[in-house]
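For reference, the structure discussed in these notes is given below.
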Amino acid sequence: MHRANEISESGMTFQSTKCYYNPGQCKKDIGCDDTLVDDHGFLTGSQNCVCGECGKSFTSHSSLHDHQRVHTGERPYECGECGKSFKRKYHFHCHQRVHTGERPYKCSECGKSFTCSSHLHCHVRVHTGESPYECSECGKCFNSKSDLRKHNRVHTGERPYDCGECGKAFTNSSALRDHQRVHTGERPYDCSECGKSFTNRSALHCHQRVHNGDRPYECRECGKSYTSSSALRYHQTVHTGERPYECSECGKSFTSRSDLRKHHRVHTNAKPYECGECGKSFTSSSDLRKHHRVHTKARPYECGECGKSFTSSSDLCKHHRVHTGERPYECGECGKSFTSSSALCKHHRVHTGERPYECSECGKSFKRKYDFHCHQRLHTGERPYECSECGKCFIKRSSLIQHHRIHSGQKS
């Protein structure tokens with residue numbers, strides 16, 4: 001046995017113990033069980049190299065050496081394409097395949113291919129059902145250690161990855177990268193059917209189900225099916241009535257964390273998403289995307305029944321209910337039903353008396369955001385709806401429609 005103190009590039013000292021084997025020497029002469037010595041002279045089946053910094057042990061000196069970079073921060077393997085650097089040569093080689101497009105590890109079950117063997121190994125568990133990593137808090141199981149680590153942050157509340165643009169925090173680096181594209185405008189994942197582009201691959205996969213009709217996530221309560229698990233979870237709150245995310249400012253509760261985050265901006269007046277065309281800013285990225293279509297005139301979602309087109313899939317979904325007569329959102333107070341959750345939410349205010357939209361100029365409050373915005377025009381003098389016949393302008397669209405009847409001779 002040879003014991004050595006090694007000094008890394010950072011000056012940090014590590015102690016390791018290693019068993020050397022000379023092929024010309026009998027294994028028994030050096031005091032090692034022959035089942036514990038491999039062809040390279042390293043111990044096998046035992047952990048013989050110990051990190052002096054954290055006490056973690058390894059079966060080979062090279063593994064210990066790779067591990068020491070966790071403490072020193074050394075990342076000696078740099079990609080010539082993008083400059084990203086790595087602690088281990090294996091991870092560096094796997095990364096290079098992102099640029100070359102090489103995916104040499106193929107699943108024999110479904111044909112999906114991967115850049116490294118560890119990713120294939122985790123993927124195979126999708127088919128076998130194996131989920132060996134269990135959360136000690138809630139018992140939920142995962143097929144990879146990294147997925148368990150990400151999940152643990154649900155319990156700890158840790159969100160270590162912050163966006164430098166808007167301060168929004170995320171539980172993992174990939175979610176942060178996807179989010180940053182909201183600010184950069186980058187949408188690298190294109191749909192081959194319609195050309196629509198997305199910030200991340202999973203959003204593209206969900207979208208492709210619009211074309212192939214695949215809706216694999218079905219609600220056990222009502223049989224309604226969805227293209228993504230998150231959409232199903234959101235829908236299920238209609239049946240359970242669960243609204244677990246409560247605002248600490250006003251007590252209002254929401255079905256999802258993202259809805260709560262958007263709502264918080266009502267109190268802080270934060271509007272981090274700005275339109276590059278006109279400078280108008282919004283509380284959410286989805287509102288900004290919808291607004292962009294005002295400039296592009298894009299209405300990509302068309303109704304198969306009547307041909308009417310819409311700027312968002314959610315607006316098309318609501319419109320479909322005009323044809324089907326479906327009103328899935330029922331008021332628990334009076335039994336009245338509605339075509340959308342937002343319409344039900346507005347209706348609830350009839351019972352609660354809530355008027356959440358208050359004018360900072362005169363203090364008048366409103367149940368509906370639309371009425372609030374129309375009221376604000378009394379103070380600003382804005383009258384955006386102009387009659388093409390006589391040039392008269394109005395605060396509300398409904399007032400313009402009513403006015404048009406004067407010219408058409410139609411009785412109101």
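Residue numbers in this text run from 1 along the chain shown.
Using N, Cα and C of the backbone, Cβ positions are placed for all residues, glycine too.
It should be emphasised that the depicted structure is a prediction, and the values quoted were computed from it without experimental measurement.
These features come from TrEMBL:
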DOMAIN    77-104  domain 'C2H2-type'
DOMAIN    105-132  domain 'C2H2-type'
DOMAIN    133-160  domain 'C2H2-type'
DOMAIN    161-188  domain 'C2H2-type'
DOMAIN    189-216  domain 'C2H2-type'
DOMAIN    217-244  domain 'C2H2-type'
DOMAIN    245-272  domain 'C2H2-type'
DOMAIN    273-300  domain 'C2H2-type'
DOMAIN    301-328  domain 'C2H2-type'
DOMAIN    329-356  domain 'C2H2-type'
DOMAIN    357-384  domain 'C2H2-type'
DOMAIN    385-412  domain 'C2H2-type'
Counting only residues 6 or more past its boundaries, what in the same chain has a CB within less than 8 Å of a CB in the domain 'C2H2-type' (133-160)? 122, 125-126, 169-172
In the same chain, which residue numbers or ranges, 6 or more beyond the ends of the domain 'C2H2-type' (245-272), come under 8 angstroms Cβ to Cβ? 165-166, 168, 234, 237, 281-284, 356
Could you pull out which residues elsewhere in the chain have a CB under 8 Å from any CB of the domain 'C2H2-type' (357-384), counting only those six or more residues past its ends? 346, 349-350, 393-396
Kindly report the helix/strand/coil residue split of the domain 'C2H2-type' (385-412) according to DSSP, in that order. 12 helix, 4 strand, 12 coil
